[in-house]
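*Asks:* Pasting the feature list from TrEMBL:
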{"type": "ACT_SITE", "residues": "Glu92", "note": "active site, proton donor"}
{"type": "ACT_SITE", "residues": "Asp239", "note": "active site"}
{"type": "ACT_SITE", "residues": "Glu333", "note": "active site, proton donor"}
{"type": "ACT_SITE", "residues": "Glu351", "note": "active site"}
{"type": "BINDING", "residues": "Thr437", "note": "Ca(2+) binding site"}
{"type": "DOMAIN", "residues": "614-700", "note": "domain 'PA'"}
{"type": "REGION", "residues": "766-803", "note": "region 'Disordered'"}
{"type": "COMPBIAS", "residues": "784-795", "note": "compositional bias 'Polar residues'"}
Amino acid sequence: MSVSFALTESSLLQKNAYPADELMPLSCRGRVRGQEPNRGDIDESLGKFSLTLIDTLDTLVVLNKLDEFEDAVRKAVSDVRLDNDVVVSVFETNIRVLGGLLGAHVMADLLRQRGERMQWYQDELLHMAKELGHRLLPAFNTSSGLPYPKVNLRYGVLNPLSRTGTESDTCTACAGTMILEFAALSRLSGESVFEENARKALDVLWERRQRGSDLVGTVINIHNEEWVRRDSGVGAGIDSYYEYLMKAYILLGDNVFLDRFNVHYSAIMKYISQPPLLLNVHMHNPTVSVRSWMDSLLAFFPGLQVLRGDLKPAIETHEMLYQVTKQHKFLPEAFTTEFRVHWGQHLLRPEFAESTYYLYKATGDPYYLRVGQSIVEKLNAYARVPCGFAAVQDVRTGIHEDRMDSFFLAEMFKYLYLLFSEKSQLPIDIDEYIFTTEAHLLPVSLSTTKPSCQGNNTEAAPVFQEEDLFSHSCPSMETLFPNNPSFAKTIRDGYKYLTGVGRAFQPLPIREIELPLQDSSMEPLEFLKSMGISLMPLNEAARSSIQKDQKGVYHVKLVAEIKQTPEEEEVVPHVVQLISPPFLGRTVLTAGPAKFGMDLTKREHGLKGSILKASPYTACGEIVNAQELRGQIALALRGDCMFAAKARRLQEAGAVGVIFIDHHEGSNSEETPLFQMVGDGYATDDIRLPLVFLFSREGAVLTAALEEHQNVDVLLLPKERQLGHDNVEKSVGMNIRLRLAKEEVGVEGPTLEFLLSEGEALVREEEQQQFCTESSGKDPPELCSTTASSQTLSSDGRLLPAP
């Protein structure tokens, strides 16, 4: 199954996208940075270096497509340039491009040594990797040793032409996910500088851990080494830091990395792991969870636990993730602890497939083959498009994005193929390699065949901790599963119906009890749910079959007022209304509100102001156009950092409001449900700005207006209060009285009178009856009467039923 995937994608990539960085599967063309609408930080993976080609080179070898591999290596050597004047993410360029070049070099060297092919190869990919390594090194030029998050491939950092170097923060994973690629590069090239810098960054993160909990935060200042975000988990922002500590020990044989990993792992299992959940906590107060949702990147963690030899929690968390995919087709980018969608996007991420592969290899349980089959089937059913596989904008709607990241081919195909393949079918011995976080293959023999460069042995004080069976050894299937093939199933069964999907209905007998929930301030249904009690309505047939003497099921009577609570919190639609010429209020863009900042529903006339793009557009670094922004409504692109962080920077710059624009291309309010922006897990009382969110398509209208007219004034306000909506139909209570001219009127209050003067012909009784018969069923039937009191008149003069 996965073979046909890869063949199709390889040919489509060559036909429609080469030499672009990515394939756009809906447009059937390549994505070239600068030629497509800017997507903000997402585009910092693109460096005009044929990203997808390089990222997928060693995948071709795993799939035994050696002719295609050799052709692709020739293309990379002849066509790819690494000196482009473009700002790229240090993290993404390291794991995708440097890792891709090193993995491909290892494969090319192996094939050359076998004497069967690649005899022309003279380490060109290694030379390219060394060149790229030197282009990334300027990022490490900080007082702390933590790297800048971005670098210009041609001009480095802090160069007048580099357009980077103003950033002060980086994520823990960004700084801590360099050691595999940089150490491999040092050992293959003989230049120690790469491994030295990667080790120093890891040393800083280790020293800055919270000593009481042994946890690290998510974002750290690269200059003063202070934590900027102190929430701690195993998902986005931290994930591959932990992964690389474990894998650095496997690749390099250095006990320092294993000791550090074991300390962190004990803390994770003590504070973050709440089987089957993995929850973010505050690093200084780890008994406090800081959010009620999980992100999809943590799906790699069960695979890491397999490497650690801790199978039980790996099986538990993996099963929870599988149940979520059964409920939503794919893993949403984030989902709540009740397994509802938090962020609906699905980028075809491979982490769940990765953990599935590791669990199958560790257990041999065919259950995980069936999980892998479900991944393939859902990709084919819900993501496959004529020119590839498209990311899903929202798992609730199934709408696609014109996006197929390189990791889909580099990782997803590789793990799925390996899952369904026997070792004898592979052209390499897969057990001789360690997977990087991008699934590139580095030989574990590096620690012996290519010893550490001088000065690259990290000195560390001994770490004392409780040790278990696998603290200093590789896990063994014989030890983990001594004659017990049902081990994994026994663990899974406890989480089989975690989300409620797949549970068969079995009518059960009834026994009546009453729960007097008198506290009307508490939602009784939620209270019962917290006790593990689920309620469902009984139809009449079920009620009639209930026997009083049946045992085992409870008939619950709630003595409290109950109202249906919607699953999703109600979102009050807002608008961005363009009011300056030539728009004059006619252009109205639907927007989502925020749960923090100024509440526009309590501001009678909304907020009026001129709009201006923030610089940087993501507002995740120092605002360089603060003087121009003062008194203006700022436009900022979603991504790279939290909404609250952007809002604080723009508030400090003097902006009076913020319009955030989605960086997910093609998203729009017609096809995607509105949501409320949330804070960053900390107090947001200091944010006083009004904040609204526009999807990509509505945002494009706004930015196009700004580009064309330079000065654009807008109103931010709830949708129901937008200009021009003052004439919304309102029901007006009014008395209507039909009378003869001489008749007295005794009705108080506003009265509309229909006066019938003397001498006018009246409808005779029999004619009136006929009229009523003929108009039966027509609106309004009250016209059949000569008097109609207490009617209602709408603003357009239509009679409405009495209130």
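Quick reminder: no glycine exception, Cβ is built from N, Cα and C everywhere.
TrEMBL entries are annotated by machine, without manual review.
Note that the structure is predicted; figures quoted are calculated from it, not measured.
If you look at the structure here, what lies around each of the features I listed?
*Replies:* Neighbour list (Glu92 (active site, proton donor), Cβ cut-off 8 Å, at least 6 residues apart, same chain): Glu44, Ser45.
On its own chain, Asp239 (active site) has Ala173, Leu297, Leu298, Phe300, Phe301, Thr437 as residues at least 6 apart in sequence with a Cβ closer than 8 Å to its own Cβ.
The C-beta environment of Glu351 (active site), restricted to residues of the same chain at least 6 apart in sequence and closer than 8 Å, consists of Ser296, Leu297, Leu298, Ala299, Phe300, Gly303.
For the domain 'PA' (614-700), the model's average pLDDT works out to 89.
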*Asks:* With DSSP helix as H/G/I and strand as E/B, how many residues of the domain 'PA' (614-700) fall in helix, strand and coil?
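*Replies:* Helix, strand and coil residues of the domain 'PA' (614-700) number 19 helix, 18 strand, 50 coil.
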*Asks:* Report the same-chain neighbours of Glu333 (active site, proton donor): residues 6+ apart in sequence with Cβ closer than 8 Å to its Cβ, ordered by sequence.
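*Replies:* Once residues fewer than 6 apart are set aside, Glu333 (active site, proton donor) is near Asp295, Ser296, His342, Trp343, Gly344, Gln345, His346, Leu347.
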*Asks:* Just counting, how many other CB atoms are there within 10 A of the CB of Thr437 (Ca(2+) binding site)?
*Replies:* 25
